[in-house]
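First the structure, in the form of structure tokens, and then the observations on it.
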Amino acid sequence: MEHTSTLERVLRGAALALVVIFFMFPLFWIFMMSFQTNETILRIPPSIVFEPTLSNYAALITGRLETAAGTLEINFLRTLWNSVFLSVTSVAVALLLGVPAAYAFARHKFRGSEDIAFTLLSFRFAPPLLVLLPLTIYFQQLGLSNTYFGLVWVYQLICLPLILWIVRGYFEDISADVEYAYRIAGHSWFATFRKIALPLAGPGIAAAGLLAFIFAWNNFVFALVLASADKQPVTVGALAFVTASGIQYGQIAAAIVLSITPTLALALYAQRYLVEGLSLGAVKG
Amino acid sequence: MYEREKDLVDAFIRGQVDRRGLIKGLGALGLTAAMGGTLLAMAQSRAMAADFDWQAHKGKSLKLLLNKHPYADAMIANLQAFKDLTGMEVTYDVFPEDVYFDKVTAALSSGSSEYDAFMTGAYMTWTYGPAGWTEDLNQWIKDPAKTSPTYAWDDVLEGVRKSCAWNGQPGGTLGSDDAKQWCIPWGFEQNNITYNKEMFDKVGVQPPKDLDDLVAVAAKLTKDVGNNVYGVGVRGSRSWATIHPGFLSAYANFGQKDLNVTDGKLSAAMNTAESKAFHAKWVEMIQNSGPKDWSTYTWYQVGTDLGAGASAMIFDADILGYFQNGGTKEAGKLAFHGFKANPAAEAPTPNIWIWSLAMSSFAKDKDATWYFLQWASSVEHAIFGATKHDFVNPVRNAVWKDEMFVEKLKKYPGYFEMFTASAPGASIKFTAQPLFFDLTTEWAATLQKMVAKQVPVDEGLDQLAQSIDGQLKDAGLG
Amino acid sequence: MTAAATARARPSGFRISKRVLPYVLSLPALLVCIGILIPFLTAAWYSLHRYRLSQPWGYKFIWFDNYAAFFTDPKFWNTLQISLTYAATTVVLELLLGLGIALLLQKRTTLNNFISIMLLLPLMTAPALAALMWKLMTNPGFGILSYLAGLIGLHDFRWASSPSTALFTVVLVDIWVYTPFIMILLLAGLRSLPTQPFEAAALDGVPRTFVFFRITLPMLTPYILTATLFRLLDSIQQFDIIYAMTQGGPGDTLTVFQVEAYLNFFQSTNVGRSAALMIILWAITYFLSNIFIKNWLRLRERARGNG
């Protein structure tokens, strides 16, 4: 494995460079756009030379956008906060419910376990559009519409199956022997779970949580339909810059940059866990 | 404070001083236009309050569902006047246009009582009305106990007013005697030509006289302006929005229809020889002088291209051109032109989009909600919005006679003339029926196939008519 | 084996019967999700009705007529075909590309780790917004990608607006957004593979292609299955990218299930047809994931038996 030829290293480097360009270039361009006015973005042909401006970010942060058609009030930071709150809470709840369940499926082959696990997974492939109308009606009857509680509940459809299936794989891969020894020493089931199983599965849980976070963050149809304007996530909030008097590309670009930042920070922080943690199904020892 | 100013403004409201006198007088008193506007709004509230009990619903509160739009912005800017006038509380949810109607449909179809009134387009009420989600507003308009004597419903442009009224019968004539007023028109868009005067002058062409001329002028512009500028911008996405602006306006000018109505039965009418000839010209125009990626073009791309100087003219909503004439690269160079596609026609007959206000059937207090609708569609608010904000085009005749508004429009060459030439013939040219969106989406998809040369025009229209007839039969309408 | 191990354990402290414990652990998750079954069943019930919101008087139970109508409806077959084509194309391409990138980044270096995180950025961009930006970037006038395509001689490339390239364009955006998802799962898999078989193979001088196809790939299969499963379920339900870029056009080129159902529901308010379409989509995904899960369990059993 160590003896790679120069040619191979060059080829690998070139391939990697192409990959990075393909995936990074559109984002680089969006990043550049976020420092431009609509007028410089809409030039023919497009050009990379421009006078940078912070006006897009200023508009997003102050919530006031000056256009030819007057001042637009856009509460962007509020939607950003909603996204953070909804995604964090949903993932936290999903971890709380999903990790013990994943442990149960991994460690105990009980009657109906595969059926329950599959049912939980199947919730992920119920098309949201299918359940939207009945869901709205029932939410109204239950008084759940326009509540964070209701939204966090619905978000479990996105987060829970993902967490459950990734973490389950991880639990199955760590040998049960350590836990067994610990319990022989006279510790309770719960102590074993908390002191042994959870720390060992830590990376897997972190990685699954991060992926679930990303999917929750990107969703918008549930909040749009089930909640009023003050509870909308940033994905809906950014669309406010698609206005009757034109699409404010600069602001949308800035909104994308701002909305990626929290997730990116989280990913960089959990970098090691991310790659190690997704080693579901690994065959160790 | 401001006693003398108040007197002057009140005199204006009573009609003793004309607008110019008012502006001059206020100027002499050292007031800025903005402060004058505030005083005007206050005075209007006092005038409105004079002969009608606006305080009848004092203390109640309403919630509105609004689209992110200059009309909504203008209303929100004036909302305090309504609160002061009535003593009511009003809150609102504003959603981006991209997802606005999804939100409305979701809220109404689930019977949510969260919103009392909402913005809508007239086409949408062809679904909302029969579905039982909106109220027939005639109940209030025609009740003198509930509507102010100064409301002047007749002041609303007739074609626009009638376009928002339908008896609910598939194919029923809009504005018939038994029609229900599903919504109140607020502001509307006529589809005409907005052109880049500088480019027209450079190439030496005049605004087109009719459809053949449009095809020719657009081709010449595409060829001669240079810098990859194309001749004419029209919408092309796979949506009803492609059919209703320029396309249907020109189509109707030739006396062509979407559907035939005979004995209450509907059938497709777009495969006549005249219609085929029209479609052939339209398709040719897009192929030769339209945007290259026409089939993805929505309101936004058509407008953006005009404002950024990528297109030389658009055949679309007049207010789209209006918005592009400020804050863009080509700002100040745009001019407006009432367009009549048929050389034999006497005047333009634009199909129109009407942003309207409707009352939810699930509203908690309908009389109170009507107070808001009545105020928001009043002459007073229309003048405020049209002069201080971008509330164009207002649907009230009174505003078009308002000097300040006419003065403001001078920055938009030809706009006033364009408006007056086409307003008498402006109305919805579609047949009102429940399959409106099915029909128009398929129509747009067929146009896309024709432009992409996947199907010849004649054959495409025959297929479309056949498919539409089938769907009408399935739905029990044909 | 593991179940037996726990069964032999003697727990102290508060006791929960071993038979009950797994249910206690998994039921909360199930209960939280089970709520969704009720709206699901309601929607299935709608699909058995003539149900147009704009014609409430026509509401009627019609058994399976909505489904039966699909058989003779060319639009439906077009939808089915394009949905499957789209899903198959995106998943296969993303899998190949994702695997390739994972192999490039396999070595644990700081740079590789950093690149792998940066490559997740497209996944973090909401698809609806990403599509909006791609639409601008492929605009023939203002679009940087159109401009760059022009530089390499593709002057008249129409991207999403031409029937011949629309599928290519949306697949390209899908690849851009979702390849990172597969890449990160496979990268994690690659890095967790045991080293002994590879060392042994290197010592024996086994050719690299042989090692890849006979050792790496088989050992990686469970990861590939998981990644494919999640991606396939999402891809066959693709909506955001296609709708934002083309609204299903030009013509009927891209009228996939979700776009059709969306238009049927939100614009035509034909709830019956929309629900029937969605139930069929659900059935397809249910069927596909069943196959996957069976194989997944089997493969895992085998892997564990071997290990």
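Cβ coordinates come from backbone N, Cα and C, glycine included.
The transmembrane segment annotation in TrEMBL covers A:12-32 (among others).
For A:80-270, the entry in TrEMBL reads domain 'ABC transmembrane type-1'.
Under the heading transmembrane segment, TrEMBL lists A:84-106 (among others). Tertiary neighbourhood of the transmembrane segment (A:84-106): same-chain residues 113, 116-117, 120, 148, 151-152, 155-156, 158-160, 163-165, 167-172, 193, 197-198, 201, 205, 209, 212-213, 216-217, 223, 233, 262, selected by CB-CB distance under 8 Å and a gap of 6+ residues from either end.
Within its own chain, the transmembrane segment (A:118-141) has Cβ neighbours under 8 Å at 101, 150, 154, 157-158, 160-162, 164-165, 221-222, 225-226, counting only residues six or more beyond its boundaries. Feature annotation from TrEMBL assigns transmembrane segment to A:118-141 (among others).
Counting only same-chain residues 6+ beyond the ends of the transmembrane segment (A:147-167), those with a CB under 8 A from a CB of the stretch are 85-87, 89-91, 93-95, 97-99, 101-103, 105, 117, 120-121, 123-124, 126, 128, 135, 139, 201, 204-205, 207-209, 211-213, 215-216, 219, 222-223, 226-227, 231, 278, 280. If you look up TrEMBL, you'll see A:147-167 (among others) marked as transmembrane segment.
Residues or ranges marked as transmembrane segment in TrEMBL: A:204-229 (among others).
Distant neighbours of the transmembrane segment (A:249-270): 30-31, 33-38, 41-42, 55-57, 59-60, 65, 76, 80, 83-84, 206-207, 210, 213-214, 217, 234-235, 237-238, 241-242; these residues of the same chain sit at least 6 beyond its ends, with a Cβ under 8 Å from one of its Cβ atoms. Look at TrEMBL and you will find A:249-270 (among others) tagged as transmembrane segment.
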